[in-house]
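Trainee: Structure incoming, see below.
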Amino acid sequence: MDKSLLSVGVLGLGFMLLFTAFQTMGNIEKVVIDSIVRDDTTFSGDGYVSLAIIYATFAICNWLAPSVVALLGPRGAMRLGSLTYCLFTASFLWPRTWLLYACSAVLGAGAAVTWNGQGVYLSRCSNSSTMSRNSAIFWAMLQASMLLGNAFVWREFSGKSEINLDTRTLLFSVLVVVAFLGVLTLLALPEHKSPHKAGRPLKEIHAALKLFVTPKMGLLSITFIYTGMELSFFSGVYSPSVGFTNALGAKHLVGLSGVCIGLGEVVGGIACGLAGTKLRRDAILFGGYIIHATAFATIIINLPDASVFGETSTTSLLNPPSANLALVGAFLLGLGDACFNTQIIALLGGVFASQSAAAFALFRFMQSLAAAAGFAYSTVFGLRIQLALLATMGALGTLTFWRVEWRTRAEAESNCLETEKKSLRENEVE
């Protein structure tokens, strides 16, 4: 096995373990916190508010993250940031409202550093011919975390209508251990030197600001915003909505929904990796939008509008709602998300290879800002309004991605023609 593929494997394993803890927590946080509130009258935390704080802090700190990556290197940045995932997960063992929100903010800052380090490291491990493959492999391994963590949740929540203290303590303890194993795995990452000269920390911020106002990045911002909106929906809103729909039955469907989302992510990552050498990025991303539009249609007819807020006995167009259709919707959400994210990562790693830290920082900035907004408006907007917003922004994001992809391809073809003409002129002179 070549060093590049080995590095991607270690990177993927580290993130798989780390996000077995975090993505599982995000998927069940609203349901679990509601159970803590019922048991402890002094606790007034809210799952959507916690997640909004995480992603808002993530967005703000993304402007500083390239400087940290430039200072510590991508491996050092990921190792430092990964510790905050352990801290956040451990905070649920001692539920305090102030501690929940403080650790949410700390995690947001750590996540910004971790993900920027990941983007730079993955770019260093790859070249133009392996970027799509490597990003797809990483994405599939990362999203396998939703299978592992949520399968455990499914087992622990099975047959339960309430999540008691003993169940919560066991769940959080296991997730803390798994997150720490992820930190240890990241310590084993092989080093990869950058072919580009490293920028000084303060210059990285300036580079990100300059890149932010370019036409290509302006267009891609719409795509980034959509991925943030759908991230908040599938990672923290959809599964709790399934659990809050009383007509569907027991709470174990929350974990099973997360398993199906993760399965969709893994299948999507593998499929995108295989298709990356045969299909263009714009075609794969368009397929992702069609998949998401189908998912939105299944959800709107199946789940009640009020299910995003808490327990509800109301129904939607299907009465009674279908648990199987809810799981199909979950699978499609994960599958479509994989199509979007693998192609965005591949485009940024290829088109902005010399500015990878700044490009990935801007991607995560826009994505996390939109995710924070998504969790914030989830406290106000019902399911139907949220799905209408997602469908609209998804269509716009697909169109803007196409525009950048086509423009990039036209520029590459133009440069090839210029090179050929120059070569012909030089031959004629000789």
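Including glycine, each Cβ sits where the backbone N, Cα and C put it.
Keep in mind that TrEMBL annotations are predicted by a computer and have not been checked by a curator.
So TrEMBL has the following annotated:
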TRANSMEM  47-65  transmembrane segment
TRANSMEM  99-115  transmembrane segment
TRANSMEM  136-154  transmembrane segment
TRANSMEM  169-190  transmembrane segment
TRANSMEM  211-234  transmembrane segment
TRANSMEM  254-276  transmembrane segment
TRANSMEM  283-303  transmembrane segment
TRANSMEM  323-350  transmembrane segment
TRANSMEM  383-402  transmembrane segment
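Are these features on the surface or tucked inside, and what are their neighbours?
Mentor: Within the chain carrying the transmembrane segment (254-276), a Cβ under 8 angstroms from the stretch's Cβ atoms is held by residues 23-24, 27-28, 31, 132-133, 136-157, 234-235, 238-240, 242-243, 284, 288, 326-328, 330-339, 342-343, 346, all 6 or more beyond its ends.
Same-chain residues lying 6 or more positions outside the transmembrane segment (323-350) and placing a CB less than 8 Å from one of its CB atoms are 119, 122-123, 126, 128, 131-132, 135-136, 139-140, 143, 146, 220, 223-224, 226-227, 230-231, 233-234, 238-239, 242, 245, 248-249, 253, 256-258, 260-269, 271-273, 276, 281-282, 284-285, 287-289, 291-292, 294-295, 298-299, 302-303, 356, 359-360, 363, 397, 401, 404-405, 408.
Long-range contacts of the transmembrane segment (383-402) within its own chain (CB-CB distance under 8 A, at least 6 residues past either end) are made by residues 219-227, 229-230, 233, 237, 241, 281-282, 285-286, 289, 292-293, 296, 299-300, 303-308, 340, 343-344, 347, 374, 377.
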Trainee: With contact taken as 3 or more Cβ pairs under 8 angstroms (pairs 6 or more apart in sequence), are the transmembrane segment (99-115) and the transmembrane segment (47-65) in contact?
Mentor: yes
